[in-house]
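All remarks here apply to the structure that follows.
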Amino acid sequence: MGKPGFSPRGGGGGGGGGGGGFRGRGGGGGGGGGGGFGGGRGRGGGGDRGGRGGFGGGRGGGGRGGGGGGGRGGFGGRGGGGGRGGGGRGGGGRGGGGRGGGAGGFKGGKTVTIEPHRHEGVFIARGKEDALVTRNFVPGSEVYGEKRISVENNGEKIEYRVWNPFRSKLAAAVLGGVEQIHMPPGSKVLYLGAASGTTVSHVSDVVGPEGLVYAVEFSHRSGRDLINVAKKRTNIIPIIEDARHPHKYRMLVGMVDTIFADVAQPDQGRIVALNAQHFLKNGGHFVISIKASCIDSTAQPEAVFASEVKKMQADKLKPQEQLTLEPYERDHAVVVGVYRPPPKQ
């Protein structure tokens with residue numbers, strides 16, 4: 001039941017509040033206080049759940065209560081009166097991104113310095129906490145609620161977007177220390193499995209105004225979001241097609257320098273090989289994200305990665321490095337390599 005009497009103004013259904021309180025709206029409304037409490041701390045504050053739970057608490061009867069947004073909701077004497085607004089967005093503004101706890105709220109203050117990362121086009125923001133960032137191609141707009149950082153450089157303001165490794169396999173690979181991503185400014189990238197365009201938007205930042213990203217996504221629902229991202233970013237070309245049939249979009253895509261693939265499909269090796277035959281320059285590169293459970297959920301992840309690498313070699317995709325994406329994703333690996341390398345003299 002949770003502590004029934006805990007909600008200061010609890011009244012009536014307060015009991016249910018404790019238990020039902022996790023959903024914020026707390027049983028019988030009385031849960032306001034208790035609800036706020038459950039909502040607030042319940043799921044570790046921050047993030048999506050905490051915040052929302054709290055607000056629900058507000059509706060449930062704690063009046064403006066839960067508004068404490070995950071903060072201390074119910075504690076504030078009047079079911080949150082004190083909480084009201086507290087931290088606004090979920091526990092103290094943490095949890096920007098919802099999934100994966102977001103960027104953890106980039107705490108920079110005034111002393112943020114931007115350093116170039118060894119991958120061209122990627123940067124590191126150094127502040128109270130360090131973050132991986134890319135230079136915003138469309139200053140003033142965000143794509144998925146990520147944090148933005150403005151830095152003045154010789155009188156001109158440059159805006160950077162925090163790149164969250166829990167939302168992006170490529171960011172996870174970069175933070176995991178991948179040797180090469182093969183996407184320098186000005187390069188052309190074919191991105192298979194673009195989804196809603198979260199990572200695509202960062203690749204668009206990295207390759208910059210001279211580069212191009214061909215973003216292929218089969219799902220119409222994600223495709224809608226992708227097209228909205230592409231409306232603002234002139235260097236993204238959205239293609240709502242099945243990556244298994246590259247001939248369907250051959251008239252849209254020129255030769256590319258790099259293929260990035262994040263298609264969680266059992267035959268993704270074949271999908272990449274087909275697209276490479278159509279669009280990848282000889283000596284061009286590929287970066288493939290492999291989710292072990294999507295290919296064979298019964299085998300050990302390591303065995304799955306090894307067999308995928310064997311298949312690639314058979315398709316003239318020559319892997320050069322492989323790394324796992326721990327601690328950001330479980331049972332994922334990224335394989336980077338070269339396509340039809342020129343014969344050694």
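Glycine residues also receive a Cβ, built from the backbone N, Cα and C atoms like all the rest.
The structure displayed is predicted, hence computed values, not measured ones.
Sequence annotations record features per position, and here Swiss-Prot assigns region 'Disordered' to 1-114. Per Swiss-Prot, compositional bias 'Gly residues' is recorded for 8-108. Sequence annotations record features per position, and here Swiss-Prot assigns asymmetric dimethylarginine to Arg9, Arg23, Arg41, Arg43, Arg52, Arg59, Arg64, Arg72, Arg78, Arg84, Arg89, Arg94 (among others). Per Swiss-Prot, S-adenosyl-L-methionine binding site is recorded for Thr198, Thr199, Glu217, Phe218, Asp242, Ala243, Asp262, Val263, Ala264, Gln265, and the stated evidence type is similarity to another entry.
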Secondary structure at Thr198 (S-adenosyl-L-methionine binding site), reduced by DSSP to three states: helix
Nonlocal neighbours by CB distance (under 8 Å) for Thr198 (S-adenosyl-L-methionine binding site), same chain, sequence gap 6 or more: Val143, Tyr144, Arg167, Ser168
Surrounding CB atoms that lie within 10 Å of the CB of Asp262 (S-adenosyl-L-methionine binding site), all protein chains: 22
Cβ neighbour count (within 10 Å, all chains shown) around Ala264 (S-adenosyl-L-methionine binding site): 14
Sparsest-packed of the listed binding-site residues (Glu217, Asp242) - C-beta count within 10 angstroms: Asp242
